[in-house]
Amino acid sequence: MGGGQRRTTQNQTTSSASSSCWSHFWSSALRTKPLGSPLEVAVRTNSGDGLVRRLGMFDLILLGVGASIGAGIFVVTGTVAHDAGPGVTISFILAGVSCVLNALCYAELASRFPAVVGGAYLYTYTAFNELTAFLVFAQLMLDYHIGAASIARSLASYVVTILELFPIFKENIPDWIGHGGQKFLGGAISINVLAPVLLVLLTVILCRGVGESAAVNSFMTATKVIIVIIVIFAGAFEVDTSNWTPFAPDGFKPILTGATVVFFAYVGFDAVANSAEESKRPQRDLPIGIIGSLLICITLYIGVCLVITGMLPYYLLGEDAPLANAFTSKGLKFVSILISVGAVAGLTTTLLVGLYVQSRLYLGLGRDGLLPSVFARVHPRCHTPIHSQVWVGIVAAALAGLFNVHILSHILSVGSLTGYSVVAACVVALRLKDKASSQVSSSTWREGVICLLIVACGGFSAGLCYRFSVSIVFLVVAVVVAILAMGALCFRQVYADLPGFSCPGVPIVPATCIFFNMFLFAQIHHEAWVRFVILCIITVGIYAFYGQYHVDPSSEETIIYHRMSGEERLIVKLHH
């Protein structure tokens, strides 16, 4: 009898403990970060030294351009033109317009939020909850890690190509130095020495300070843009306008498919949002940097598209190096050398900015406690998160040096599409308010979020119908459902007006972004969907066993930024 009572008591205790753990998990997961004023905000840190505001408006524009335009401008333009014909120009315009809409959402949040690191993670933490923010961080970070390693390998290959222009190096550089890599275990291991060396050099530059890294980025980005402009003008004199006819040889579908491909050529402008804490005038300069850099990229891409399709008939363009082939066919071999130099400059800036953004995201999570506090430490002299930066460099160097990460490229872009969609949803969620007051009730907020989810599902369903050529009836139904959800957002909800930069057309513009991003999500490789689900499960596990127990909303040491007399002054206030 006594034993039965003890077993009953133990079962009740176990059930109570399980219920308590579950309750603690959800209460933690649904926490949000309060939105402080952008003119005065406290930021947790684990040292008495913070980041330094050294980036001006021009630096931010170059940062965005450097992150967006890599070697792809010399390759992807011709590759898509091979299928879409001269209509590839329309593909880049459509993708550019979509990215501009996403950029408007980023610009509003960048000007509205306190000038601190975090970007999409910070916006999600404030608009939705802690767990969703952690999931967004994980998806973005895997993209960044694999992307950095892949870019480093491409950069090593281009460096070797340039070195082989000199007779002393021609055909004397082994594969394990930089070209591809020396394969072992059936290709599972692929040794590449030069890629990690390049990553170490860039990591050292980033560790020395944002001023030094910004100077390198500005020089390399300027070099890259000048080379692209030279290529455009040199090719313009070789254009035969008859090559632009027919403009869309296979109709509109290849143009639309091309737009889904080249969308990722613009990805990178969001890096500007992660430099908020190092921007001199963040509320003014961040929106300009985000939108300005994107407009420059759109202009350069359109120029290259018009030149490459005008120099050669689209069906004669090569797959691997279409732009270089076009100039070689016209007897302009020196331009091919310029293209190689431009590719090196483009990949260097893309890699530099990618490593920079990763370290700032780790810094933000280290401050919040979702990651170990070592990631939150800022060097007192260099004013950079050295521990985060070194960690990012080690991960990228290990991946680039040991594995052929190019084969993983088809699972990329999930993080970017996820981040862009959530940022657009944040704009709507943070603008919602009740008709009778400036605050928003939980029922109003839930209804708005449900409408956004319906728009996202409609976009994904429409994308699947388009991808698998399902009956147009199902495609129309998906679009109509999404439009009805947008209508509910327009006519059943009220939105607050904000001071400073505001995204126009709320909620239509953000909802359109979500629809198109999810449409693109349906076009990517199915293995990327598997990666999305698996990484979400792993992230929830990490949060359940570590993150929820280490997040500390209070802080004994706070950095407070004040805007005074038109300038940013930093005041360190210690609370004991």
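Backbone N, Cα and C atoms are what each Cβ position is placed from, and that goes for glycine too.
Since this is a predicted model, take the numbers as computed values, not measurements.
Quick look at what TrEMBL annotates:
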| type | residues | note |
| --- | --- | --- |
| TRANSMEM | 60-81 | transmembrane segment |
| TRANSMEM | 87-109 | transmembrane segment |
| TRANSMEM | 121-142 | transmembrane segment |
| TRANSMEM | 184-207 | transmembrane segment |
| TRANSMEM | 214-235 | transmembrane segment |
| TRANSMEM | 255-276 | transmembrane segment |
| TRANSMEM | 288-314 | transmembrane segment |
| TRANSMEM | 334-357 | transmembrane segment |
| TRANSMEM | 390-408 | transmembrane segment |
| TRANSMEM | 444-464 | transmembrane segment |
| TRANSMEM | 470-491 | transmembrane segment |
| TRANSMEM | 528-546 | transmembrane segment |
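Long-range contacts of the transmembrane segment (184-207) within the same chain, counting only residues at least 6 positions beyond its ends with a Cβ under 8 Å from a Cβ of the stretch, are 148-149, 152-153, 155-156, 159-160, 176-178, 213, 216, 348, 351-352, 355-356, 359, 379, 382, 384, 386, 389-390, 392-393, 396-398, 400-404. The stretch with the most CB contacts under 8 Å to the transmembrane segment (528-546), chosen from 121-142, 334-357, 444-464, 470-491, is 121-142.
Residues 428, 447-448, 451-452, 454-455, 457-459, 461-462, 464, 507-508, 511-512, 515 of the same chain lie 6+ residues outside the transmembrane segment (470-491) yet bring a C-beta within less than 8 angstroms of a C-beta in it.
The list of residues near the transmembrane segment (121-142) in space but at least 6 beyond its ends in sequence, with Cβ under 8 angstroms from a Cβ of it, reads 28-35, 109, 113, 358, 361, 364-365, 368, 370, 414-416, 418-419, 422-423, 425-426, 429-430, 531-532, 535-536, 538-540, 542-543, 547-548, 551.
Ranked by number of Cβ pairs under 8 Å to the transmembrane segment (334-357), the listed stretches 60-81, 288-314, 444-464 are led by 60-81.
Away from its own ends, the transmembrane segment (255-276) comes close to residues 55, 60, 63-64, 66-69, 72-73, 76-77, 80, 83-84, 87-88, 90-92, 94-96, 98-99, 103, 106, 109-110, 113-120, 248, 282, 286, 289-290, 293-294, 297-298, 301, 350, 353-354, 356-357, 360-361, 413, 416, 419-420, 423, 519-520, 523 of its chain (Cβ-Cβ under 8 Å, at least six residues beyond either end).
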